[in-house]
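Trainee: First the structure, then my questions, so here it is.
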Amino acid sequence: MLKKREKAFFGKLLLSVFAALCVLLQGVPVFAVQPEDTPQKWSDTQLNKIDTGQIETYWNKVVNDYHGFLPESDPDFKSFIRSNKQGFVNKLFDGLLHFFLNELLVNSKLLGTLILLSIFSTLLQAIQSAFENKTVSKVAYMVVTLVLLILLLNSFKVAIGYITGTVSAMSQFLIALIPLIFALTAAAGGAATVTLFHPLIIFLVNAAGWLVSKFVLPLLFMSALLGIVSTLSDHYKLTKLGDFMKNVAVFTLAAFFAVFLGVMSVQGAATAISDGLMVKSAKFFTGNFIPVVGRMFTEAADTVIGASVLLKNTIGIAGLLILFCITVFPLLKVLSLAFIYNVAAAVLQPLGGGPVIDCLGIMAKSMLYLFSALAIVSLMFFLALTIIITSGNLSLMVR
């Protein structure tokens, strides 16, 4: 008899609670996800609301600096985000080829100067025996050689300036882009990724820029300078010290690249899995333990999360293209200088050996080291941005 009364009491209680919920929910607006509310529509809505002013500054700078070699595109960054990236990339490679040929044409004046000075220096060296007073010919030979060496070192310094400016521009661009990427990652449920990645990536990006500008490039410059100075004397050589500085610079950059890539990869995978499991647990709890609106909430959350991931990937791809444009043009400038020095050394070698030919060979190799240093740093930043983008996608797959 008592059990029947208890069952009747609990039945009335559940009925009363259900009736109360029905009455309360009549005045609560429920925002269900409509069929037309696709992630693409939400992504466009979010894109119109977010501030991309800092990133657009770098895009405008790229367009203004290299507009003659870029595909025809809208200078507005948001229009560039919505544009067809595949067509832009296909046309970009044609522009890069034209830019490289244009740099060779511009540097042809340098090539002609190097060849004329080298020929003049070789002639002075050959006709020294024709003068009764060899001091005059030796002084003339040394003056021409010094002018040639100053020209080589000046162009090397200009190349270092290209690289320093490019590394600084890449660092500043990443620091401007990362908050936007992380905001969209957090909107997609990547709280752990944002919390741990943000200070780590800021530190690594700044450390890479400082290491290259303040340590690697000065060592490469001193190595080239010692190699050139060593060609002027037959008795006093500093080539071993120059090679040691060059090896230290290369080893330091390679070690930092390994640490950079390892830390970013491990940290990105760990935080992405943590975020995925956390969001999956929250969605399961909401959908199964919150009556009436729980399932609607999880469906709306899936749409918002999908839109955030879609927008993050779109902005990330646009960021990768801008980062590529910031990097590739200075790389081609340095590569064109290395090509000019190699051509000059190859053309002048039949005239005989001497310090001038040796200096041209040393400068060509040093330019290639500068090219490699900038390429490695660019690859580090490129991979860092790629890992940040894909870490959010990995957490989405875990869900």
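Placed from the backbone N, Cα and C atoms, the Cβ positions cover glycine too.
Below are the features I grabbed from TrEMBL:
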- 1-32: signal peptide (SIGNAL)
- 110-127: transmembrane segment (TRANSMEM)
- 139-163: transmembrane segment (TRANSMEM)
- 169-188: transmembrane segment (TRANSMEM)
- 200-228: transmembrane segment (TRANSMEM)
- 248-273: transmembrane segment (TRANSMEM)
- 320-348: transmembrane segment (TRANSMEM)
- 368-389: transmembrane segment (TRANSMEM)
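For the listed features, I'd like the structural context: burial, neighbours, distances.
Mentor: Counting same-chain residues at least six beyond the ends of the transmembrane segment (110-127), those with a Cβ under 8 angstroms from any Cβ of the stretch are 137, 140-141, 144-145, 147-148, 151-152, 155, 337, 340-341, 343-344, 347-348, 351-352, 354, 356-357, 360.
Distant neighbours of the transmembrane segment (139-163): 110, 113-114, 117-118, 120-121, 124-125, 128, 212, 217, 220-221, 224-225, 228, 232, 330, 333-334, 337, 341, 355-356, 359-360, 363, 366-367, 370, 373-374; these residues of the same chain sit at least 6 beyond its ends, with a Cβ under 8 Å from one of its Cβ atoms.
The list of residues near the transmembrane segment (320-348) in space but at least 6 beyond its ends in sequence, with Cβ under 8 angstroms from a Cβ of it, reads 55, 58-59, 62, 65-66, 69-70, 85, 88-89, 92, 96, 99-100, 103-104, 107-108, 110-111, 114-115, 118-119, 122, 152, 155, 159, 162-163, 165-166, 169-170, 173-174, 356-357, 360-361, 363-364, 367-368, 370-371, 374-375, 378, 381-382, 385-386.
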